[in-house]
Structures are given as structure tokens and as C-alpha cells.
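Annotation comment: Swiss-Prot describes 40, 41, 53, 54, 66, 67, 104, 105, 106, 107 as glutathione binding site. Feature annotation from Swiss-Prot assigns domain 'GST N-terminal' to 2-82. According to Swiss-Prot, the feature domain 'GST C-terminal' maps to 88-230.
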């Protein structure tokens, strides 16, 4: 069995892995895991990843369940262009520096709107307005940190070429944009960075990867989304309760 990637393109890390593999011509089989239908909680998927999360990489009997580890593994195994995950010690350390900050600040912050506007209402849960406003303030703060600490006057987050850092960041920032919050507005430096990253990746690949999330609000308004099965409601409610 060749390389298998378990993905749901509603998921930011899934999109990052998908785009990376496609952009670099890495052969793989897509195993779609539809989160809205609760497929991530199925017994079948639990045998692949007992954490019940996507993305997952399965390479024969070898399994990885964290997106950063998956991207690094693919970079090394398929010997992709050095700029993605530089061999230079200091450049690589800077990629890891960003990814560590990303996990603590970007990840979890920019996905909240999906829960407040789509996932919560699907199961009849309303996120308190004060949490929504707090999240908006947090996004503004983190975006400023992203510009001041990482982007600065550079073309990309770690120097003058695209790295794994840019890909992971772009996919997180696309989440609120797709849900009606244009966080790039009034941020010309960040907007120019996004345009450079998307130009490098290619418009067709970006559209393919982003089509699911970009259509989510329209589908929700037309009540075209599947209602998650009752057995996943408890885990969804817990996730919503954890929104700071």
C-alpha cells in the first residue's frame, strides 16, 4: 500500500498537508474523513488514529498524526526543494521557532469563527458574544505579533523563500476569511505576503484546497450541511466550552 493521507479540507492542517503534497508532486491516496458527518469518531478511523483527529499520514505500517511532523516527514522522504525545510541549521531553527509560536498562538485562535458561525449552530449551541469579541481582540493582537516578530520587512515568514511556516500560517488565516472576517483588510504588508504565498502555490491549487471552507457559510445559510450525529455532540460541546 502506498502513501495514504487521511484528510478533511475543512481542517486547516489537512489543507496544509494536501497543498504541500500536491505542490511537490508527492503521490498519495486521499482518505476523506468527513468531520461534519462524525467519521473521525468512527471505529474504523479510531483504529488509524485513536486521537480522532485529521490529518493522518499512513505510509505502510508507519503512522503520523500531527501535521507538522507529517510535513517534515514528507519533506525529508521525498527530498523536496530545500527552501521548504532548510538544511541550514539557523534557517531550520527559525522554521521551528515559528511553528512553536504558531501552535501556541495561531492554532486554536483563528478557527473559533467556524465554531461560532457554523459548527455550534449545527448542534444548537450559541457561543456567548463576549467570547466572540474576546476572540476577535485576540486575533488582532496575534496578527500584529505575526507581522512584528516574523514577517517584518521580509518576503516570507522565515526569510526570502516559502517555508513550511508560510504554508501552515496561510491555512489558519484563511479560516476566518472564509467565515466573513477579512483579517487582511488594513494590513498591506500581510496582504502582500498572502499574495506572494498564493502566487507561489498557484491559483488553481489554492482554489482546489480552499473551495470547501470558502463555501461553508453559503451552505450553512441554505441548510445544506449535514447535521453531526448525536454521538459526536458531546465532544463538540466540550470544544465550544473551551473557547476562552
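Backbone N, Cα and C atoms are what each Cβ position is placed from, and that goes for glycine too.
In the structure shown, across all protein chains, 40 is the one of the binding-site residues 40, 53 with the greatest number of other Cβ atoms within 10 Å. When the binding-site residues 66, 104, 106 are compared by the number of other C-beta atoms lying within 10 angstroms of their own C-beta, 104 comes out lowest. According to DSSP, the secondary structure content of the domain 'GST C-terminal' (88-230) in residues is 99 helix, 2 strand, 42 coil. The DSSP secondary structure for residue 66 (glutathione binding site) is coil.
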